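Trainee: Encoded as structure tokens, here's the structure I'll be asking about.
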Amino acid sequence: MQRPPPEDFLLKETKPHLGGGKVSGDKLTSTYDLVEQMQYLYVRVVKAKDLPAKDVTGSCDPYAEVKLGNYKGTTRHFEKKTNPEWNQVFAFSKDRLQASVLEVTVKDKDVVKDDFIGRVWFDLNEVPKRVPPDSPLAPQWYRLEDRKGDKAKGELMLAVWMGTQADEAFPEAWHSDAATVGGSDALANIRSKVYLSPKLWYLRVNVIEAQDLQPTDKGRYPEVFVKAILGNQALRTRISHSRSINPMWNEDLMFVAAEQFEEPLILSVEDRVAPNKEEVLGRCAIPLQFVDRRLDHKPVNTRWFNLERHIVVEGEKKKDTKFSSRIHMRICLEGGYHVLDESTHYSSDLRPTAKQLWKSGIGVLELGILNAQGLMPMKTKDGRGTTDAYCVAKYGQKWVRTRTIIDSFAPRWNEQYTWEVFDPCTVITIGVFDNCHLHGGDKAGGAKDSKIGKVRIRLSTLETDRVYTHSYPLLVLHPNGVKKMGEIHLAVRFTCSSLLNMMHMYSQPLLPKMHYIHPLTVSQLDSLRHQATQIVSMRLSRAEPPLRKEVVEYMLDVGSHMWSMRRSKANFFRIMGVLSGLIAVGKWFDQICNWRSPITTILIHILFIILVMYPELILPTIFLYLFLIGIWYYRWRPRHPPHMDTRLSHADSAHPDELDEEFDTFPTSRPNDIVRMRYDRLRSIAGRIQTVVGDLATQGERLQSLLSWRDPRATSLFVIFCLVAAIVLYVTPFQVVALLSGIYVLRHPRFRHKLPSVPLNFFRRLPARTDCML
């Protein structure tokens, strides 16, 4: 039996003050009822007018400066404009307010020293409060004052109010928490953002045949194949067996394509003229926007495509107008499949690509990302450790990214997000990362956001309409062992809109029907999943702010299929855990047969006799027994979501060399002697597996040899026994046979002996095909 994980690695239930105390039971009361309210002072600087000219040239380059205590934010500046429009919002955290007066100053940008134009003062005690869904506060014009408090030339349009993170202005506002971050690019990198994965399709290219090919060497049989390229994906058919100028293939090639279908499908028919030399016989480009889309298994129409070839005329490439080769194909975008871009075990979406095939939603998933505690320093700045943490959550096609909290080991996000749920048997993944693209991180080149840890929550393990508030350990496996990087505090609620629809989902296939009518091979799925993750990571890395490749790959568990000794051990013990129930039943039955507890054995005898006399009670008794077990276990049902288990993963007991092997690149980058040692270790493990597989094959072959006459004496004995058994069972009532057999199996140890039984002796003497093995 495994020991429980350390206390530090366990899930902790919490009771945060959600929604400012407005949560009544489990009912939805406001948009931000799953997070703790955070108060902010908002300043919207809209525009100015009639500003005076301060430069020698008689022009004005104005900008506004918003100052509150030690925090200072500035708008962009306009050149030579006396009526600038900024429309920028500044947010100051109420927890860090260090002054009672807000000062908004308008200045003129200058080379040496910026000139003062005027300012506006606000007493924080008189600032109004606003709580959505109240309408936004209307900006007002304020006359600028000079340093002495007298009226100055010019006016400034402002709105100042106290609000929470639920305010519409919050996502785009400049935050006092990020006052140390300079530059518009760096500010864009710290904002919260919602992303959508690109819509992915499977592209099926059925290459049928080609006609009238023109190889250069007419005196040989051409060895022709078709190469297809879509973006970074390249596939090729086998070489045609017809070996003529009219070759045939009838072979399917599968690609992953993403809307907006920016790249065409490039097809080239090539002739292998030498072992490492191919000659292009024709080429064509097919835009995917005009390709047929199918939603079911009905075949689409085939089409002939003209091939083009370019010839060199006077040093220039020109299209060969006399060229008339063509290729016959069936091309379609498959809308009936779900394009797998994440590990099957952690899928967050199982819907087909085509929206017409989507079923109605069954509920809503709400996630409140509250805060993190005890984060480890991820990088060094000015000689001390620091962490700039942000969260990413992925469910379905929607990715969300919280704002980055600068230089904090206990960041508070308090951001809430919502997803529509179509299948309860799906998983939401929440990851925490350190932003390495601030303070000139992009200029360093090759900087990657560091992973702090992630959490997975399966929706089917949640009770509906209940708010789960827990602190999850952030565990990361490093080459030197498992390490706790901190804790993340989440609030989760799964609301079901139709209980009947959700229960009906449990009877439906997990994947769309095309996966079962026209299944793809395992190797195809692996290759297509790899291509899909590459496309998703590339598209999201092009967004603003980018969701970088290393973040997307960590969230999608790219590379989790690679060999790992630790994972292999964990899976072996998982299998043993599943079989432990059967083993326990076997041990219990052995104790019954050996009369360890005579009273229990006598009761089993009585139950057995009743079931034999009344066989119609067997199935009802089994199902009633299962029902009672289920009701009994209800008292100890899990009251919290599952989380990362270091014991189950064998992460805390893995040998350092096994972890080093797990983190090795593919192909390996380790020295030869280490690779040789690991190879020998793998051979010894594989040898044991080989022995077990061989033993299983031996038992199966012995069963086959009962009637194969490979051993004529054994088969004749078995055939005679079958004849006698058939006659005896025909003339003897079945209940008598079952009763006698059961009493014989449950007989007292006084009537047993320790030698193996006759049937077992007979079976072990049967021949297997091991004698024929080299």
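Cβ coordinates are placed from backbone N, Cα and C, and glycine is handled just like the others.
Residues annotated as compositional bias 'Basic and acidic residues' in TrEMBL: 1-16. Feature annotation from TrEMBL assigns domain 'C2' to 22-142, 181-305, 346-472. Here TrEMBL flags 1-23 as region 'Disordered'. Among the features that TrEMBL reports, transmembrane segment is placed at 617-634, 717-746.
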Trainee: Could you pull out which residues elsewhere in the chain have a CB under 8 Å from any CB of the transmembrane segment (717-746), counting only those six or more residues past its ends?
Mentor: 592-593, 601, 604-605, 608-609, 612-613, 615, 706-707, 762
Trainee: Using DSSP, how many residues in the domain 'C2' (346-472) fall into helix, strand and coil?
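Mentor: In the domain 'C2' (346-472), the DSSP-based counts are 11 helix, 63 strand, 53 coil.
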Trainee: With DSSP as the reference, give the number of residues of the domain 'C2' (22-142) in helix, strand and coil.
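Mentor: Residue counts in helix, strand and coil order: 6 helix, 54 strand, 61 coil.
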Trainee: Counting by DSSP secondary structure, give me helix, strand and coil numbers for the domain 'C2' (181-305).
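Mentor: Summed by class, the stretch gives 8 helix, 64 strand, 53 coil.
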Trainee: Which value does the mean pLDDT take for the domain 'C2' (346-472) in this predicted structure?
Mentor: 89
